[in-house]
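Chemist: Let me begin by handing over the structure; questions about it come next.
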Amino acid sequence: MEINNSTSNFIKNIVKEDIDSGKHKEIITRFPPEPNGYLHIGHAKSIVLNFELADEFKGKTNLRFDDTNPIKEDTEYVESIKDDVKWLGFKWDELYFASDYFEDMYDKAKLLIKKGKAYVCDLTADDMKEYRGTLTEPGKESPYRNRSVEENLNLFEKMKDGNFKDGEKVLRAKIDMDSPNMNMRDPIIYRISHTSHHNTLNKWCIYPMYDFAHPLEDAIEGITHSICTLEFEDHRPLYDWVVKECEMKSVPRQIEFARLNITNTVMSKRKLKLLVDEKVVDGWDDPRMPTIAGLRRRGYTSQAIRNFCRAIGVAKANSLVDSQMLDHFIREDLMPKVSRTMAVLRPLKLVITNYPKDQVEMLDIENNGDDPKAGIRKVPFSREIYIEQDDFMENPPKKYHRLYLGNEVRLKGAYFVKCNDVIKDEAGNVTEIHCTYDLDTKSGSGFTGRKVKGTIHWVDANMAKKAEFRLYEPLILDHEDGDEGKHFLEQINPNSMEIVEGFVEPFMKCAKTQDKFQLVRHGYFNVDERSTEDKLVLNRIVSLKSSFKL
Ligand code: ATP
Ligand code: MG
C-alpha cells in the first residue's frame, strides 16, 4: 500500500507559505547529481523529496547534471543516473547539464570582476590556506586582492585561453577575509584544469567551482526551492551572495535537510567507487551495494524504496536509520505480490523406499497457505526427493521435531514419511536417508489418524531445477558514513556473500531475470541476470522475518 505522502514536513510548509503569499505561482525543484558515480539510496531520498514536492504543488522538477568537475565525470554515469531516476518512477520536466551554462557563468564571472567583486589570485594552494585563517583567527588579504579591473579581466581571459598551468592562478570572489564564516573569505570561484570534459570536450580549461556554479544553475533554470543536504548550510550566505552580485533575475532559495545515513552502509560515491575499483564488489550493481542499480539487482522494488523514503521523513537534524527499516518495506511490498514456492538450498537426498519406482504424482499445493485466492499449483512428487540438510539430524537435541531415525514428519503438501535408515560415505557424512511413506496421510485427504509435530519442505529430485542461491550479509561491519576516523576498507565484512547450490521447483524453469519469489522458510529471492538454461541464480533480497518494528 502506498503510504500517504500528504504528511507534512518543514520544506512543504515553506513551499506552501511561498505559494499562499503569492511569492511563487509555480514551484520548480531540481535533482542535481554530479555524474561521478552511480546513484545510491541516499540520492533516492533527495529524488523522492524533490519530485513529490513539485508534484504535490503541481510544479516541475528538472534533472540537472552538475558536471563542473571534468576529472571525475563520465557519460556512463550520466546514463546510469537517467535510468535510475526513471526506474524509481519519476519523470523530469527538463534535462539540463550545468556545462551548458559555462558561457553564462564565464560572463557572470566577468561581471563580478567589473564590479570589483572578483580578482585573479596567484597565491599557491598552501599560501592560500594560510591566508584563510582559522575559525578563531581572521584571514589575511591576498597581495593580489587589489589588482585593477583591467588587469583582472586581462588575466582571467588569459586563464581561459590556456596561457597558464593548472593551479597557477584562480579567480576569487572578493568578499570578506574577516568573516566568521570561512566560506565568505574570498572563496575560489574559477580554477584552471586542462582536462577534457565529457560534454564540452576541450573547449574550456577553466571550470567554475561548485559554490559559484550551483546558485547560477538554479537561478538560470528558475528553480524556486533548491533543496540540498545539511553540510551546505554554512554555504548559504555565499549562495545568496552569488545570486545577488551576479544580478540574477530569478532568486532561488536554498533549503537544507538532513542526509540519509543507514547503519552498516557507506553511501558516498567516492567510497562506493573505491569498492568497485578495488574489486571488493563485482561492479556498481553488485547486489550488496546500496546503489539503486545494486538494490534493483538484489530485488528491491522501486515501490519499496519510495515507501521507505517517505517513511524516514525529512528533518533538519542528521540521524541514522536502521537498515532493517528498508527490509521492512520490501517485505511489505512483496508479501502480497509474489508466488510462494519450495526450494532446497543445501540438499540431502531422501529416498522413499516403499514408493513405486516409476511413479510420479502431480500434487496440488496451495500457492499461499494464508490466502486461498492465490490458487494452487501442481508439484511433481516421486520416490526420490531433496530436503534441507538441517531438516535431518542424527543426534537431535530435545524439541527437534524434524527428521531423525524413527521419527515421522509431514512433507509439505504431500505425505507423512518416517525415517528408517541413514546412508553414509566413508568419512561418516550422511549422504542419503531412507524413509517410508504412509499413503493414507496424503495432504488434503482429511486424515486424522495421528499427528506429527514437524512439517518440512522438499523438491522432487528428478524434476527439480538446479539453482544457485546467493545469500547476503551487510558489506560493511560497524561503520557509517560519518565515521571518518575508521578507514572503511578495513571494515569490509569478509562474509558478505555466501553461495550455496540447491534446487527449485520445476515450474521455476521459466523464471526470467527480475522475477521474484518467496521461497518457503528462506525468504524473498530475485532472479539474477547471470541465470542460464541449466541453472537459475537467485539473490536473496531479504529473509522472511525480522524483529524490527516501525
Ligand atoms: P556523494 O558524496 O555520494 O557523491 P553528493 O551529495 O556529493 O553525494 P551529488 O551527486 O552532488 O552527490 O548529489 C545529488 C543530490 O543528492 C544532492 O542534492 C545531494 O544533497 C543529494 N544527496 C546525496 N547524498 C544524499 C544522502 N545521503 N541523503 C540525502 N540526499 C543526498
Ligand atoms: Mg559530490
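Cβ atoms here come from the backbone N, Cα and C positions, even for glycine.
Note that the coordinates shown come from a computational prediction; the quantities given were computed from them, not determined experimentally.
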Chemist: State the residue range annotated as motif ''HIGH' region' by TrEMBL; the candidates are 33-43, 143-153, 176-186.
Modeler: 33-43
Chemist: With TrEMBL as the source, which of 81-85, 236-240, 266-270, 316-320 is set down as motif ''KMSKS' region'?
Modeler: 266-270
Chemist: Which whole-number mean pLDDT does the model give the motif ''KMSKS' region' (266-270)?
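Modeler: Its mean pLDDT is 91.
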Chemist: What does DSSP call E34 (ATP binding site) in the simple three-state scheme?
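Modeler: Its secondary structure by DSSP: coil.
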Chemist: Do any residues at least six apart in sequence from L260 (ATP binding site), in the same chain, have a Cβ closer than 8 Å to its Cβ, and if so which, in order?
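Modeler: In sequence order, I41, G42, K45, M267, I312, V321 meet the Cβ cut-off.
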Chemist: Return the members of E34, H43, L260 (the binding-site residues) with CB less than 6 angstroms from at least one atom of ligand 2, or none.
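Modeler: Checking each Cβ against ligand 2, the ones under 6 Å are E34.
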Chemist: Which whole-number value in Å describes the distance between the Cα atoms of H43 (ATP binding site) and Y210 (L-glutamine binding site)?
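Modeler: About 18 Å separate the Cα atoms of these two residues.
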Chemist: State the Cα to Cα distance, in Å, between Y210 (L-glutamine binding site) and S268 (ATP binding site), rounded to an integer.
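Modeler: Just about 17 Å between their Cα atoms.
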